[in-house]
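What TrEMBL says about this protein:
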- His497: active site, proton donor/acceptor (ACT_SITE)
- 257-270: compositional bias 'Polar residues' (COMPBIAS)
- 362-543: domain 'L,D-TPase catalytic' (DOMAIN)
- 243-270: region 'Disordered' (REGION)
- 1-32: signal peptide (SIGNAL)
Amino acid sequence: MVLNNRFRLSHMVVGGSIAMSALALSVMPAYADVAKQPVVSVATMSVPQSRSALLSQLPRGVSLRYLNQLSSLYAANHMQPMWQDRTAVQQFQQQLAEVALSGVQPQFTQWVQALTNPDVSGMARDAVLSDAMLGYLQFVSGVTATKGSWLYSSVPYAMAEPPTTLVNNWQLSIRDGRLNTFVKSLEPAHPQYAAMHKALKNLLADARPWPVVSDGPSLKPGDLSADMPALREVLQRTGMLEGDASVKPTPVPDAQPLQSPASQDPNAVISPSTTAVTDLTKQQPSPEAEPAKAASVSVIDNRYTPELVEAVKRFQQWQGLASDGVIGKRTREWLNVSPQTRATLLALNIQRLRILPGEVNTGIMVNIPNYSLIYYQNGAEVLSSRVIVGRPTRKTPLMNSELNNVVVNPPWNVPTTLIREDIIPKAMHDPGYFDRHGYRLFSGWSSDAEVVNPYMIDWASVSPRNFPYRIQQAPGANNSLGRYKFNMPSQDAIYLHDTPNHGLFEKDIRALSSGCVRVNKASTLANMLLQDAGWNDARVSSALKEGNTKYVPIRHRIPVRLYYLTAWVSEDGKPQFRTDIYNYDDTVRSGAKIAAQAERLFQL
């Protein structure tokens with residue numbers, strides 16, 4: 001995924017019996033414009049009267065989440081409709097539908113259902129729109145305040161009253177005739193939003209049944225399978241068949257086409273938002289009817305032909321998978337993701353834009369599920385690289401920090417988690433494990449800590465949970481951090497670093513580390529940062545040859561953001577999707593259930 005200085009992503013009141021008579025005359029047809037209602041002329045009414053008026057307008061089964069607050073607001077507005085700007089209604093309904101599709105809070109699903117209910121019209125619809133606005137204001141403000149944690153959790157956030165300031169701004173916009181401007185200001189302030197919004201609408205509009213490629217053994221070029229007609233339709237509808245000039249899969253930074261099917265880790269997690277794959281019984285041609293012709297048609301239709309193989313490779317590259325043409329588990333699962341499900345993935349990632357910068361002047365951006373790093377200087381992309389991130393059991397955290405120094409020939413102080421879970425269980429029965437892996441033991445964490453001989457430890461008195469020693473791997477070619485480490489403040493002890501095993505960057509699923517980020521082009525990044533610190537090439541070469549550890553401060557701290565985006569739109573307008581390695585996209589399962597209703601809100 002590539003970002004430029006615009007952060008483009010290619011590679012977040014009244015009531016009473018008199019009022020009721022007047023309101024009864026103003027009931028609108030389903031989905032009609034609220035602005036067409038006659039304005040109710042009512043004297044000042046109390047909050048209890050307003051509450052009664054609102055409740056009397058609601059059809060059975062429809063309720064207001066913020067009834068108390070709405071009663072006060074409508075009383076203050078003399079029971080006048082708040083949604084008389086048709087453009088504002090359309091804008092708000094689409095933003096509301098996007099949140100509902102993301103699945104982050106079930107209450108938004110209820111609002112979408114109410115707003116697409118033909119029985120909810122007139123002032124009832126006005127009240128539901130206002131109710132949804134209060135919930136939306138809480139969401140918009142809360143996402144930022146919680147640093148996006150709501151968008152990466154399978155547990156819905158708690159509903160609460162929105163900030164008073166935002167509610168007041170909303171009411172002022174109604175009074176001043178600026179409601180549409182106010183609603184538009186609630187969109188994600190990010191240059192990706194418009195493109196993602198458009199792509200989402202296009203995907204939702206495709207309500208045709210989606211073909212299913214059934215589960216089974218991996219399909220290789222030349223194989224016969226009854227799934228070929230379904231495969232061909234999927235490839236045709238996704239624009240992957242040869243001859244579609246619009247298809248330009250986004251290249252992965254520093255990537256080469258991957259040919260080995262072994263690189264597809266069968267244990268990797270496909271986006272959990274994909275629909276379940278169901279085996280379908282395929283009807284074969286009847287042998288009783290024109291047997292020779294039927295057999296010929298079956299072989300031709302069911303052959304995994306070179307044309308389909310090339311289209312599958314394009315599809316795999318589009319999804320960030322190894323483009324080997326073999327239809328394995330992950331490829332098959334992505335083939336079965338319908339346009340509606342892809343729309344929900346876009347909807348969730350639209351909300352994630354709210355916590356990302358719209359412009360990057362100077363800084364390093366790492367998109368975890370895309371395994372990519374982009375370095376910007378003065379608004380221009382100067383480096384893109386593949387990265388390796390934490391495996392699902394040791395996730396790389398989402399975080400913002402700043403690089404403050406580069407370590408040349410770094411030692412590696414093994415993290416406590418690795419000591420407890422990986423090293424000590426092995427070394428307790430084999431103290432020679434430390435020497436074989438280049439580890440040294442120290443009596444503590446101070447600079448004057450003494451080296452400890454592992455053979456002198458009473459292993460019967462220690463355990464993985466109470467191991468009192470520091471374990472360090474000396475600098476060198478086999479050091480787990482490679483030749484460079486890039487330090488930044490982190491409560492989780494997360495940093496960027498080199499690695500001695502660059503072969504792992506050839507894998508498509510690169511969630512392999514214990515949490516830190518391994519950089520394929522670490523040498524290039526280090527040289528750029530060291531030059532800024534006054535080092536020339538000769539000095540860098542000399543330091544590497546010497547082998548001694550050097551800590552080099554960075555003159556100007558470099559902002560670093562580790563973020564998580566599984567869907568975006570590339571510069572050619574093609575939506576991109578990546579495997580959800582940490583299961584952060586689980587919420588879209590519920591959003592997919594209301595895809596049809598959400599699509600109706602986009603049309604109203």
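Placed from the backbone N, Cα and C atoms, the Cβ positions cover glycine too.
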Same-chain residues at least 6 apart in sequence whose Cβ lies under 8 Å from the residue listed as 'active site, proton donor/acceptor':
Pro410, Leu481, Gly482, Tyr484, Lys485, Phe486, Cys516, Val517, Arg518, Val519, Ala522
Integer mean pLDDT for the domain 'L,D-TPase catalytic' (362-543):
94
Collapsed DSSP category at His497 (active site, proton donor/acceptor):
strand
